[in-house]
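Notes for the one structure printed next.
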Amino acid sequence: MPELPEVETIKRGLENNLINQTISSVQCHRDTLRHPIPKKLDTQITCKKMIHFARRGKYILIGLNNQQTILIHLGMSGKMIVRPNIDGEPIVKHEHLTLITKEGQRLSYIDPRRFGMIDLFKSEQTHRLLSKMGPEPLGDEVHQEFLILHLQKHLQHKKQSIKVALLDQHIIAGLGNIYVCEALFLAGISPLRESKTLDKDEIKKIVGSIQTILTQAIEAGGSSIRDYVHANGKKGYFQMQWKVYGKEGGYCSNCLTKQKKSVIKRVVQTGRSSFYCDLCQK
């Protein structure tokens, strides 16, 4: 599933190519994904200008000049591709929605597994899926301090592991399996640690590591595994910088610099694989 860096990269690609362009044609090639696509979506957004692009957690938001917002979630395998429109060009395999702009661009929503979603809501309101979402992990120093206090408050009584807690979108938005594994490795915190055992200094390390990893991943265009590509069809390359994710059985790079040999381990937590070094993550 695309996580925050991948969704942010796609959002930026859409914004760079489509900001202030007017939707001239909408083609829905199927009625439902994970949820039904809104009826009459085509009539509601045709002739409307895309004036604002944003990301909230793992959702892309496209604001229109009629005070409505398109909400998009990529699910497990969704991608959004922008390219020049060619009249009569056939849709590609698994293309479920096509937007054509007056300026000659074509936006395709492609989703082989159809776990994504597309919805439309009034911009002045908060969509029900966003209303209880936790704070964003990225921000300035003031926001970083807020996050530390926020996590202290929400973790101090939790028996569940820190890995599971960080994946909870109600606690913090946008994090997924890959980047939580990498952030906890950078922070030196075991994914198995009970959340309530973490002190303020350790939470500060986790917040700093989350921000570092996410920033690096966005700079690298995200991690391309399976279906993920940028809005222009190119792949990200942060997967080349992974230290623990998917590295089960390999030597810990951190330990090797200290002339120690420790093997990356894999454990399943609430149905997801966690990768870590039990020597340098405590």
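Each residue, glycine too, has its Cβ placed from N, Cα and C.
Listed in TrEMBL:
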DOMAIN    2-116  domain 'Formamidopyrimidine-DNA glycosylase catalytic'
ACT_SITE  P2  active site, schiff-base intermediate with DNA
ACT_SITE  E3  active site, proton donor
ACT_SITE  K58  active site, proton donor
BINDING   H94, R113, K158  DNA binding site
DOMAIN    243-282  domain 'FPG-type'
ACT_SITE  R272  active site, proton donor
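Across the annotated binding residues for DNA (H94, R113, K158), the two most widely spaced Cα atoms sit 42 Å apart. Closest to K158 (DNA binding site) by Cα-Cα distance, out of the active-site residues P2, E3, K58, R272, is R272. Sequence-distant contacts of R113 (DNA binding site), defined as residues of its own chain at least six apart whose C-beta falls under 8 angstroms from its C-beta, comprise G75, M76, S77. If you take the Cα of K58 (active site, proton donor) and the Cα of R272 (active site, proton donor), they are about 18 angstrom apart, rounded to a whole number. With respect to H94 (DNA binding site), the closest of these active-site residues in Cα terms is P2, chosen from P2, E3, R272. Here the domain 'FPG-type' (243-282) has a mean pLDDT of 94 out of 100. Look at R272 (active site, proton donor): DSSP puts it in a strand. Each of the recorded positions K58, H94, K158, R272 was assessed for Cβ neighbours inside 10 Å, and the highest tally belongs to K58. With respect to Cβ neighbours within 10 Å, the active-site residues P2, E3 differ, and E3 shows the lowest count. The helix, strand and coil residue counts that DSSP assigns across the domain 'FPG-type' (243-282) are 4 helix, 12 strand, 24 coil.
Taking only the Cα positions, the spacing between the residue listed as 'active site, schiff-base intermediate with DNA' and R272 (active site, proton donor) is 15 angstrom. Cα separation, R272 (active site, proton donor) to E3 (active site, proton donor), rounded: 14 Å.
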